[in-house]
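Listed in Swiss-Prot:
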- 82-103: region 'Disordered' (REGION)
- 83-92: compositional bias 'Basic and acidic residues' (COMPBIAS)
- 94-103: compositional bias 'Polar residues' (COMPBIAS)
- 117-154: region 'Disordered' (REGION)
- 175-210: domain 'EF-hand 1' (DOMAIN)
- Asp188, Asp190, Asn192, Glu199: Ca(2+) 1 binding site (BINDING)
- 220-255: domain 'EF-hand 2' (DOMAIN)
- Asp233, Asp235, Asp237, Glu244: Ca(2+) 2 binding site (BINDING)
- 271-321: zinc finger (ZN_FING)
- 336-385: zinc finger (ZN_FING)
- 430-564: domain 'DAGKc' (DOMAIN)
- 768-791: region 'Disordered' (REGION)
Amino acid sequence: MGEERWVSLTPEEFDQLQKYSEYSSKKIKDALTEFNEGGSLKQYDPHEPISYDVFKLFMRAYLEVDLPQPLSTHLFLAFSQKPRHETSDHPTEGASNSEANSADTNIQNADNATKADEACAPDTESNMAEKQAPAEDQVAATPLEPPVPRSSSSESPVVYLKDVVCYLSLLETGRPQDKLEFMFRLYDSDENGLLDQAEMDCIVNQMLHIAQYLEWDPTELRPILKEMLQGMDYDRDGFVSLQEWVHGGMTTIPLLVLLGMDDSGSKGDGRHAWTMKHFKKPTYCNFCHIMLMGVRKQGLCCTYCKYTVHERCVSRNIPGCVKTYSKAKRSGEVMQHAWVEGNSSVKCDRCHKSIKCYQSVTARHCVWCRMTFHRKCELSTLCDGGELRDHILLPTSICPITRDRPGEKSDGCVSAKGELVMQYKIIPTPGTHPLLVLVNPKSGGRQGERILRKFHYLLNPKQVFNLDNGGPTPGLNFFRDTPDFRVLACGGDGTVGWILDCIDKANFAKHPPVAVLPLGTGNDLARCLRWGGGYEGGSLTKILKDIEQSPLVMLDRWHLEVIPREEVENGDQVPYSIMNNYFSIGVDASIAHRFHVMREKHPEKFNSRMKNKLWYFEFGTSETFAATCKKLHDHIELECDGVGVDLSNIFLEGIAILNIPSMYGGTNLWGENKKNRAVIRESRKGVTDPKELKFCVQDLSDQLLEVVGLEGAMEMGQIYTGLKSAGRRLAQCASVTIRTNKLLPMQVDGEPWMQPCCTIKITHKNQAPMMMGPPQKSSFFSLRRKSRSKD
């Protein structure tokens, strides 16, 4: 039989769909409730085939926005069109999609596309409510082949909601067992607790559909899933129960990786954390020693120890993963190397001769210290942690807590879910500074996910925490009694502020210093701390070595209190009550708010720094002509340290309150001071005299705020592009009070909102220890400029 293929979305469209899913606050289960009584889709039957109009309504309920017309149409066609057939009866295994295209396929695609376009045309409500008869006499599909076509060539295309829901649920984050159970109940339409062969094939076809988008080679996955289906039906009666379905899925590792393996609970119990990977150089299976082949993702690789296997070998009797903690703390216990064989195309650390990638049996490397040796060259069995020993928590430094006193709980505590959570004690190596790594996987697109995997390998997985799993608190509690530990915040400025808030609430006797690995765009705080505007794929080992030598600086943090007037209606929720970077009101907040609203509606248009800059330019240009915040002085009152600032003679459209010398991704609104004329004030008295303000220096640890006026969007653009050095200096003070009498756009640390009439008070809260990045190396041209300025 010829191999059948789905009509697929393009990779760009698939990325679009993923971004819409990530930005939506709803889960697929929430969208299904719209078909219940009182929901927006109550007039439709979810068990019947649905038309394009109902499909659009369902996607709007799920994603909370309307999909772009091309993406919506193509996604609908992906579920309604006939699968494409190979022209040959015996196709080459692993053939590309392009080889499957034929003239008949193109005609069929064009015919269906025309019908979909007709279906996409505005219909009356009666047409939208029209239902198609269910295909009850469907022929049972053979295992692992696409289902029977569900649209006739003479009728408008329709889709089955089950297929759409199953497909979308695979894109969502969540536990694999929950996804398996959800898909089972979704296709168990008669609610008898059993799935027949055709229903299981429909589910597996959707899994293969997703696998192709993730660049998996289905030639390996297809027989594994087929074997899984055969193994589930123990009594060979053609039906599978929920228990059999979940058990079969949870014991098939490639399927777990496809569903999104949850490795949060496997840090140290000997279980591997598998991920599909494409290898850029020849790589061999650690089990069978045969090279991994394929043009897509060729095999499974453990995130923790880099043990690599074929998909077919992963279920064999392979060695367990490295242990990340010691079972019991014994006096005098020493750390031994944890060896992994093969795939080390580097030089031997003893004889300094090259190790070939195929020498899987003759060479191995240590997971902890990264030392690589030929077997004949191995020296001591003792491991000291290697070049990252100052940061890494070796397994001998972590042991479970034991309680010997009567009446106390055993070696763990019960979580909110009723699960037993192990508690640990950290006894670091003397003279070291263990590093707590907190990663926001959503920052920088998928950059955060890659950073998380890399740190899992570079350090002990137990000291690396995913902020999606409970936020910063679990990591801070794990390190609570650890002396001299440091924190690395991987994410944007919002992530850093979140971590600093949690450190405040944790009530540490001594606050740990925080370094920043900036992800995404903006990152004004990271720029001021010399960590750069965004991680661009450099060596993480070098960044960790820089943290070892980082000097400390105290960062001022400010309390932001917004007091609305009693007679006005409630506006948007204030994003933060603490300010770390800046607060602004007026023209720049208006542009930021429009940018924020547009990004929520169309996240796929904001997936690069260049696109973000172009959108800011467009919004800034339109704001220049609209001037929505002109005559700002008529609508606000400004007080600095209790003294009013006269704005009547100044034509401003915006006011910014600065704590750090960076805004809008590196722009300094306060401006630079000549070093020979700058004055660092020791007193905390406010300054509003324009002559004195010329010599006031901005410092993120002086417990002072800088107040700057903006004349409009045009001036903002000039400052951003360097055509103008700074805005208008209004004051330098220790507290600010602003009163407004109309609805105005505001933003704090890059998060905008619309605020009705209110009183805003900004006062000093505390200081947080931060680590500075290494000084930037001066280039030849910067040295020339400095020498000219001295002359």
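Placed from the backbone N, Cα and C atoms, the Cβ positions cover glycine too.
Within 8 Å of the centroid of the Cβ atoms of Asp233, Asp235, Asp237, Glu244, where the record puts Ca(2+) 2, the same chain has further Cβ atoms from Met232, Tyr234, Arg236, Gly238, Phe239, Val240, Ser241. Within the group of binding-site residues (Asp188, Asp190, Glu199, Glu244), the Cβ with the highest number of other Cβ atoms inside 10 Å belongs to Glu199. Less than 8 angstroms from the CB of Asp237 (Ca(2+) 2 binding site) sits no same-chain residue that is six or more residues away. Around the Cβ of Asp233 (Ca(2+) 2 binding site), the number of neighbouring Cβ atoms within 10 Å comes to 17. Counting residue by residue with DSSP, the domain 'EF-hand 2' (220-255) contains 25 helix, 3 strand, 8 coil. Classification of Glu199 (Ca(2+) 1 binding site) by DSSP places it within a helix. Other residues of the same chain near the Ca(2+) 1 site, with their Cβ within 8 Å of the Cβ centroid of Asp188, Asp190, Asn192, Glu199, are Tyr187, Ser189, Glu191, Gly193, Leu194, Leu195, Asp196. Calculated from their C-alpha atoms, the gap between Asp188 (Ca(2+) 1 binding site) and Asp235 (Ca(2+) 2 binding site) amounts to 19 Å. Cβ neighbour count for Asp235 (Ca(2+) 2 binding site) (all protein chains, 10 Å cutoff from its Cβ): 8. Around the Cβ of Asn192 (Ca(2+) 1 binding site), 9 further Cβ atoms fall within 10 Å across all displayed protein chains. When pLDDT is averaged over the domain 'DAGKc' (430-564), the result is 92. In the three-state DSSP assignment, the secondary structure recorded for Asp190 (Ca(2+) 1 binding site) is coil. Between the alpha carbons (Cα) of Asn192 (Ca(2+) 1 binding site) and Asp235 (Ca(2+) 2 binding site) lies a span of roughly 17 Å.
The two recorded residues, Asp233 (Ca(2+) 2 binding site) and Glu199 (Ca(2+) 1 binding site), show a Cα separation of 13 Å.
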